[in-house]
Amino acid sequence: MWVPGVGLPSRLMLSALTRAARFCILKSGAVRRMDVPAGNRRGLSDYYPHLMPSVGFGKSSSRVYRCRSETKRYITSPRVAETLVRILRGKRKSCQLFLECNPGPGILTRALLESGAKVIALESDKTFIPQLKSLGKKVNGRLEVVYCDFFKLDPRSRGLLTPPIMTSDMLFQYLGIEAQPWSKGAPLKAIGILPPKNERNALWKLLHDLYSCTSVYKYGRVELNLFITEKECRKIMANPQNPGLYQALSVLCQIACGIKLLHTESCLSFGTYTANGQLAKQKHRESLEQNLCFIQLTPHKDLFTGTLTPFNYDVFFHMLRQCFMKRGAKLIDHLHSLSPIDAMHILKQIKKSKDVKVIDMYPEDFQHLFETIECYKDDNYKWLYDDFMEDVII
């Protein structure tokens, strides 16, 4: 459900929104998710986030966390760990801060510590907590271990949360990490492996958090260093030269972040663990033949210096999803259902022909299209909407 903001300039106010009608007519795309607090909007490049009051860790909850029902990959090869440290650390000798997501047996944790780094280990499986804490006692406070699932921070359905489920405010305030303005560098580097069964959902959630400047991105331009499957990696890096892989996710990732492929590794270099903490054998031949790609996602410093903001990002998401529903269609056919503005005029402004197709548009072309419609001055109404994205992460 999307609701108007309160106390905003008139150009950002919702002009008409009716649940019963098929279309909603919006001015300047001024809508937001109900679960994104007004205080989290970043209208300026140097916006400082306002943190919520400190929230205690609940002692009970009706939510049952089933970490064992979810398959997780772990780095089990010292060689891979040393390679990653060499890539991430380079020749730096300073005490960099790394947020390691689900370190498991701590192979990478140990390699990072040996390089002189400081590590915050967020582990969602209690089996590994004791050995990680034991390691922490040997490194003079350079390892902090927290029972937490990074990929489930700030769940959409709130209530009383208990670890490993928690909010980013709970976590960062506990760790004493302060927010930094968007114009500064990354406050920390996060390292992890996307959950195998929910890889796409995890990517969508991270993108929504980034574009809305919520969750960890309230604290600045957090750099993500993630292992993802080679298939997903090719998709998020695709463009019109790879029409079979190119999709809305590709555009959103490339507009928001600088993407670097740092390393490729066979799935054989990773392991999963059984309920009693024993290393399990990999079963499926298909998974054994896959590679995992280690990519770096660095949010662009100038992401919010133009028309796109954490307040209207949802319009941009919708525009892309609508276009890629029929990726082989002409862009002009989509424009008729996206905006009341004359489609030929829009195409002229973005310097595209009437025959251009969706899959011929590069990410920067879609951004130009969005900005052209958002900044159109000769019409009070910018967008036509179906009721959409009640649940945007699919």
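Note that Cβ sites are derived from N, Cα and C of the backbone, with glycine treated the same way.
Taken verbatim from TrEMBL:
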- Ile75, Glu123, Asp149: S-adenosyl-L-methionine binding site (BINDING)
- 80-265: domain 'Ribosomal RNA adenine methylase transferase N-terminal' (DOMAIN)
Please state how far apart, in Å and to a whole number, the two most distant Cα atoms are among Ile75, Glu123, Asp149, the recorded S-adenosyl-L-methionine-binding residues.
17
Report the member of Glu123, Asp149 (the binding-site residues) whose C-beta atom has the most other C-beta atoms within 10 angstroms.
Glu123
Within 10 angstroms of the C-beta of Ile75 (S-adenosyl-L-methionine binding site), what count of other C-beta atoms is obtained when all protein chains are considered?
26
Could you tell me the mean pLDDT over the domain 'Ribosomal RNA adenine methylase transferase N-terminal' (80-265), as a whole number?
94
